[in-house]
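Peer 1: Annotations per TrEMBL:
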type	residues	note
REGION	1-25	region 'Disordered'
COMPBIAS	10-23	compositional bias 'Low complexity'
TRANSMEM	58-79	transmembrane segment
TRANSMEM	85-104	transmembrane segment
TRANSMEM	125-149	transmembrane segment
TRANSMEM	161-178	transmembrane segment
TRANSMEM	261-282	transmembrane segment
TRANSMEM	303-327	transmembrane segment
TRANSMEM	343-365	transmembrane segment
TRANSMEM	386-411	transmembrane segment
TRANSMEM	538-560	transmembrane segment
TRANSMEM	572-593	transmembrane segment
Amino acid sequence: GARCPPPLSGPAAARGTARAGGSAPPPVPLWAGPGAARGSGAGCSYPQKNAEILSSQYGINLFLAGLLLTFAWAVHAVGISKSHLLSYLITLMLVQLLWMLWYLCRSCTQRRLIRDKDTHAGARWLKCGITLFAVITLILDSFKIGYYVDFSNCLSPTEGIFPVTHAAHTILQVYFLWCHAKDIIQSFKTLERFGVIHSVFTNLLLWTNGVLTESKHQLNEHKERLITLGFGNITIVLDDHAPQCNCTTTTLCSIFSQGIYYLYPFNIEYHILASTMLYVLWKNIGRKVEHHQQYKTPFKFHGITVGMIFGLIVLTSTIAIVVVYLIQIGRSKIKSELALTMFYLHAIFVLVLMCTAGVIALLIYRLDDRSLDNSKNPARKLDAELLVGTAAGSWLLSWGSILAIICAQAHPKYTWYNLPYSILVIIEKYIQNLFIIESIHREQEKVNDDIKTLRIVTVSQGSTLTLTPSYKEIYNGHAAQDAGELPCLFRGSICARERVVSSGDNEGTSQGDGSGIHFASEFSLCSRSSVADNKRRILKNIAAFLFLCNLSLWIPPAFGCRPEYDNGLEEIVFGFEPWIIVVNLAMPFSIFYRMHSAASLFEVNCKT
């Protein structure tokens, strides 16, 4: 390929800059290497492109090694114990801790330097969400420490070191993301790429470990429930990694062992959110930012009362359904069937409401001719990819349930509710993805240029009408006067205009005739504004309603209400082990989809 020309230096560079009428470019630092000058031009960033490829391959291999170690522990491979897996994770966390400390120290020494920021990355509400999950993760770590203390006689020391290291890792990582999630790194780029990608895949491995541990606990409970549903032909073999020794204090051991699994959903969400924020930081390394005005998007409860009320009704009813489901499932065959029927009917009703709301929002967008923002935005691109990618998990489960219902020889009554439920899951996520992706790509509406200033109209007492503007219009540094414009009051959706016409004055009559045109145009402008306000209000209510609905649908699978396990029909058609493998692989993506959709809908509500 073509090589980049060598950069000018010394007097030649100064003469070239003077002829171009610009300022001299900054000198290339010595530590940047010989490729830095060539890499600064368009199409000449070979060293940095190579660094991006190398760091991504490093992260993938790091993840695959940990994934294989996790799988080996899960299937009880010979010579592989939990201590080996925890030692690997501890090492990765310690390396990330060292890198974050180095980055923070370097940032403190260069505090006076002006750094580019990605205003779309690391939103405040996202930081608050990850902080909440991190606090609950610290509680989980304290439970693990207590669990280790009670079973210290028969547990490996790594099981005590791991929660301590993880707690320190969580505290420092949250602080790092609060302070530097928006950074666009322009120095030590090669080293920083490896540090950030190491952090991304460390969090993904911690997420995988949490998912596996929580799934194994759910699987053990599921196997015990199958007999009560009448599926006696399925072999029940518990796969428990509990220590084979007595606890020092029975009461505390029970609290720690049971409480841990109720906290795992928050730990899982924490690590996946942290990995996505760090991935955006990695994509922003060396990025050229286009400096343009950014609009703040604060969240306001005003105008979304209807959506919040319906959403809260769905949320409270879902919590009640989950509580009843967990109490009834596994008690007896009749109670289990009633619990499954109750769950399916409630979920069908909620999904129908969500589909309807999504269709209405898309129809409103079809009636609006606002353009889309196609500028480069790593955070927005990642959001769209995650929505479609993680939705595939629940789509896989839904198609498996549909196929099982079609192919099964016998159908208990409650399984027929699974058919419309599975179809609606596919349709709802399809519609919701369209709504969210279009919403985050739409340009924010700006104030109409025709309405710029507030004018005061004075009416004379004589036969001649005078329209006197009291203030000059200031717009883009130019002053102008226009006596024919009056403001529309957007907040109250009120259009005001007063005009007095003298019948004895021809000039006044002519002005009165002309005022009809102005009045018509202004009335049309205010009508359009009122329609736009109504559309915006409907969209904000839909976004608020879907936000709470996604939180509601996140709760059941996250806390053990999983009809894909308890239904039993799919396990007869596909076989117990194949279907359980499919569920264990797809369910984490389905759970993450709901939380990520809720976060995206919160952003949509702020931008609308």
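Cβ coordinates come from backbone N, Cα and C, glycine included.
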Peer 1: Please identify the stretch among 125-149, 261-282, 303-327, 343-365 with the greatest number of Cβ pairs below 8 Å relative to the transmembrane segment (538-560).
Peer 2: 303-327
Peer 1: Taking pairs 6 or more apart in sequence, does the count of Cβ pairs under 8 Å between the transmembrane segment (85-104) and the transmembrane segment (161-178) hit 3 or more?
Peer 2: yes
Peer 1: Rank 261-282, 303-327, 343-365, 572-593 by Cβ pairs under 8 Å to the transmembrane segment (161-178) and hand me the top one.
Peer 2: 261-282
Peer 1: Is it the case that the transmembrane segment (303-327) and the transmembrane segment (343-365) have 3 or more CB pairs under 8 Å, with pairs at least 6 apart in sequence?
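Peer 2: Contact between the transmembrane segment (303-327) and the transmembrane segment (343-365): present.
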Peer 1: Counting a contact as 3 or more Cβ pairs under 8 Å, with residues at least 6 apart in sequence, do the transmembrane segment (261-282) and the transmembrane segment (58-79) touch?
Peer 2: no
